[in-house]
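A.B. asks: This is the structure I have questions about; it appears just below.
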2 protein chains.
Amino acid sequence: MTTYNFSAGPGVMPEEVITQIKQEFEKNEQTHMSIIEISHRSKQFQTIVTDAENKLRQLMHISDEYAVVFLQGGGSTQFEMIPLNFATNHHEIALLDSGNFAQKAAEAARELGNKVTTLNSTKNIHYQKLPLLPDDFDPMTYDYLHIVTNNTIEGVTSHQNNLPKTTGRLVADMSSNILAEPYNISDFDAIFAGGQKNLGPAGVTVAIIKKSWLAEQDVTGVGPMMRYQNHIDKQSMYNTSPVFAIYALNLVLDWVIQQGGVTEMYRRNLEKSKRLYAYLDQSEFYTAPVEASARSLTNIVFTTGDLEKDKVIAKQATEEGLFNLSGHRSVGGFRASLYNAQPMSAVDALIAFLQKVEQQA
Amino acid sequence: MTTYNFSAGPGVMPEEVITQIKQEFEKNEQTHMSIIEISHRSKQFQTIVTDAENKLRQLMHISDEYAVVFLQGGGSTQFEMIPLNFATNHHEIALLDSGNFAQKAAEAARELGNKVTTLNSTKNIHYQKLPLLPDDFDPMTYDYLHIVTNNTIEGVTSHQNNLPKTTGRLVADMSSNILAEPYNISDFDAIFAGGQKNLGPAGVTVAIIKKSWLAEQDVTGVGPMMRYQNHIDKQSMYNTSPVFAIYALNLVLDWVIQQGGVTEMYRRNLEKSKRLYAYLDQSEFYTAPVEASARSLTNIVFTTGDLEKDKVIAKQATEEGLFNLSGHRSVGGFRASLYNAQPMSAVDALIAFLQKVEQQA
């Protein structure tokens, strides 16, 4: 039975990358020098880090005005590093509340003693639209505006053409759609993304930081590991790096380049998601509730309208080799994650399954 | 050519574990459900975390009075989490300066606004002895005493029979000799260890925390990811866990149990290190400078007395398949790391090589 994995992350990786990892351990079964046994100070690993940084710069068109670092601790640690490094003037942050991870970031910033002002929220309509930036937004009293480009749980996305237009500093959590669709880096002052969606395995986080902004900051009282500058100065090797996770990320970046870069990923993701949304929209059995212009390409959320029925169908899907279709435990329903590594055949298999269930209903 | 890896970390892992990892990727080459593609919320991973915790409790005889959590960020992040969670009363920490990583921990605590008092240091004798606790030490004015049980760079160890005797709180950085020799957990109030020596690959850190001590703390103003309690409450899944690193750690713990536990690791490590120290001590060409009672079982430091000559010999060793014998870049000389996964045959090969060089000199 062919199996597909619709997990929202950690999730599916390119088959070619899994093969390369298998070969790495095959080759080094008895050398005591496999990728998880080499020093982070070895030339082999230093080359991997440099390569990975260069490839990410190439794929996302990141200029030298920005630093690129590989860190640990996931997006949740970035929820702390960002305010510790950048909420240093007003200690006040502006937020567009587009979902669960916007709220989590706000909570972390508040616990660190900052004020977080929610400019707009679509919580009362279950995050089925994007919260827009109020026309009267004055960035002058905030250290930055925090947004989430893709809301993994709610399936709502601020695409490049929908980004809030601000003259102030803009910070983006891009965890679940980095490399899935194009963004102009110059629109942002800081971007971060946990690894476990489009970048590679869990255990590595990417941060893209505007150097001139960082240079303005006084980070007295911030611990050394929480300062971006320390990691930048040591080229992501300030302390022992998560070697395996960065190694695998580097393989994923290779794969993205070989496939044709972000342009090609975007084309495929549009095609995959359009095919699934088109089916859901014409169906009288399923509903995709997110407003069309803000629909995610990577996390397609839908429901029959009956959460108990959704659970039964998701369980049946598992039995037929379609794994991890349940929505996040906080919202229920279905969520099909179509990350870069998800093949079109997975979408076709999913639609065929959903059609069969619909016809039997 | 048989090759051996004497890296101080990340370093050698058991061959059996490398084989199991290879098999995992072989089995899941096309299922899209390999260990790096499954959700950290999946039953499969939750079982791995529970198993790993239980095995570590069994191996180290950790009672329910202590919490065990798996974190990210290495020992360096613990240099910050420990003071953030425990230097909450006096904001003053006592330190026994036994080497580089004791100093790094002190530096991080100071940057966070704490006073760090060095009770004793052996820096002026190049850390070739352990700094002893002064007889007049009064723990009442310090939040805790910080020690490093094994100093990876200097090769000097506070064995169980050499631990400082204090009625105050004791925190131990056990990064490079956890599971290598027995310690009584009840002597400590907090223990931490980066993964990449005896536990598994880089990217996971273990913390063992006395619950009653943690319960006393007011951690207002500390970020959520830096609070031990959050990770404890969510059983090491507060945010996306480093799935692969914990998976591999769990395999290493299995291996240690199968081999006979810490008792057997200790027996082997004593035998390996004794054999190497015995050779070095009788040699007129090499010197092992650390005082006998404080010698590390895991990191054996030695030199010809001529750092340039040491470099040439280490390079020659590499050509003969004996990798990573150079001392830390801050001290030079040789360092042979004999972690649990290092076989006796590696020690014998190293001694044969060193003898050959000595005879040719």
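A Cβ is built for glycine as well, from the same backbone N, Cα and C atoms used for every other residue.
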A.B. asks: Which one of B:Gln46, B:Gln128, B:Gln196 goes with B:Gly75, B:Ser76, B:Phe101, B:Thr152, B:Asp173, B:Asn239, B:Thr240 at the pyridoxal 5'-phosphate site, as TrEMBL has it?
C.D. replies: B:Gln196
A.B. asks: Between B:Thr152 (pyridoxal 5'-phosphate binding site) and B:Arg41 (L-glutamate binding site), what C-alpha distance do you get in Å?
C.D. replies: 35
A.B. asks: Across all protein chains in the structure, which of the recorded positions B:Arg41, B:Lys197 has the highest Cβ count within 10 Å?
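C.D. replies: Neighbour-count leader: B:Lys197.
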A.B. asks: Name, in order along the sequence, the recorded positions among B:Gly75, B:Phe101, B:Thr152, B:Asp173, B:Lys197, B:Asn239 with a Cβ closer than 8 Å to any chain A Cβ.
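C.D. replies: Out of B:Gly75, B:Phe101, B:Thr152, B:Asp173, B:Lys197, B:Asn239, B:Gly75, B:Asn239 lie under 8 Å of chain A.
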A.B. asks: How many whole Å apart are the CA atoms of B:Thr240 (pyridoxal 5'-phosphate binding site) and B:Lys197 (N6-(pyridoxal phosphate)lysine)?
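C.D. replies: Rounded to a whole number, the Cα-Cα distance is 23 Å.
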A.B. asks: Could you list the residues of the same chain, at least six apart in sequence, whose Cβ is under 8 A from the Cβ of B:Gly75 (pyridoxal 5'-phosphate binding site)?
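C.D. replies: Correct list: B:Phe101, B:Asp173, B:Ser175, B:Phe192, B:Ala193, B:Gly194, B:Thr205.
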A.B. asks: In terms of DSSP three-state secondary structure, what is the assignment for B:Phe101 (pyridoxal 5'-phosphate binding site)?
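C.D. replies: Where B:Phe101 (pyridoxal 5'-phosphate binding site) sits, the three-state DSSP reduction gives helix.
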A.B. asks: Near B:Ser76 (pyridoxal 5'-phosphate binding site), which residues of its chain come within a Cβ-Cβ distance under 8 Å, counting only those 6 or more away in sequence?
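C.D. replies: Result: B:Lys104, B:Ala108.
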A.B. asks: Quick check on the binding-site residues B:Thr152, B:Thr240: which one has the highest count of other Cβ atoms within 10 Å of its Cβ?
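C.D. replies: When each Cβ's neighbours within 10 Å are tallied, B:Thr152 tops the list.
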